[in-house]
Amino acid sequence: MEENKQRVKSMINILQLVAPGTPLREGIDNVLRAQTGGLIVLGYNEQIKSIVDGGFHINCAFSPASLYELAKMDGALILNETGSKILIANAQLVPESSIDSIETGMRHRTAERVAKQTGSLVVAISQRRNVITLYQGNLRYTLKDIGVILTKANQAIQTLEKYKAVWNDGITNLGILEFEEVVTMSEVVHVLHSVEMVLRIKNEILSYIHELGTEGRLIRLQLTELLADLEAEAALLIKDYYQEKTQDHHQILKKLQELANTQLLEDSDLVKLLGYPGQTSLEESVTPRGYRITSKISRVPPLIIENLINRFKTLQGVCRATINELDDVEGIGEVRAKKIREGLKRIQEHLYMSRHN
């Protein structure tokens, strides 16, 4: 899993470097349109130095126009690691010929071998096929046309909207069952599955956004709007149902996101994520602590909610508490006690209305 996380992080960094709207991508696109082909290496460490033969040391500031003009020469361009300077033009690269390569063309084969030998980012721009291929270590990624990525991103947004609706239905139903005191592990796991799918699609959309660069601003806005408060509420759901009382609910949600990236989760995986044995029956009754529901009461800060739960232990305990009992809790006066009672009643009514709409 750690290796996969590192791989994803590397890919994000690479895509951000060559995303539309960046000077480097502008220069690459110019070379692509001119159909001259090109080979660009980012980074000039000792390993790169050992495989560079010849070339002109120019050490000038990067500009898209400079890249375009210098790429007309047959050799490779060597840039610094951030792509802000062009160090060498028309360099011949001589990587180890014993390094395996799946590529057939000389330019792409050289690019793959240089990337594997040095770990540097290498960009190969095809002369005839209008394709940009990125290599770094064993990573190989072909940049897609912006129109194709936008179409996929919009499809993913539509899918996310559907799973958001599933989440809304599940969390509404769970809220009603919480007030009725009939929640089982099955309902909690069902809602967590919808969180899993939302997080999985979110990660896919983020990868499109990284690749779209400045073209992905609208997609990012849609994603932010769709996920508003969902992750915060999911973290409180975990805090409600984790077997032992925990303050690490955000870390547990992060772990769920990492697991969602690598595999489809079984019910037992989600049960274990909540701190229970994997063989726990889904029909087992569970009781919420009440963090999620009480957080919906207006003007009740988290510290007061923490005091409430510490005193009454569960949502049912808070709901059954009298005005005087609520008044006894630190930070709650008579006025706030009444607001809490009224707030809980309004939330319950809203949940019933939502289910029947």
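Note: Cβ is positioned from N, Cα and C throughout, glycine not excepted.
Per Swiss-Prot, the candidate among Gly75, Gly83, Gly137 that belongs to the ATP site alongside Leu93, Met106, Arg107, His108, Arg109, Thr110 is Gly75. For Met106 (ATP binding site), the number of other Cβ atoms no farther than 10 Å from its own Cβ, over all displayed protein chains, is 9.
Other residues of the same chain near the ATP site, with their Cβ within 8 Å of the Cβ centroid of Gly75, Leu93, Met106, Arg107, His108, Arg109, Thr110, are Leu39, Ala76, Gly105, Ala111, Val114, Ala124. Secondary structure at His108 (ATP binding site), as computed by DSSP, is helix. Looking at the residues that bind ATP per the record, Gly75, Leu93, Met106, Arg107, His108, Arg109, Thr110, the two CA atoms farthest apart are separated by 14 Å.
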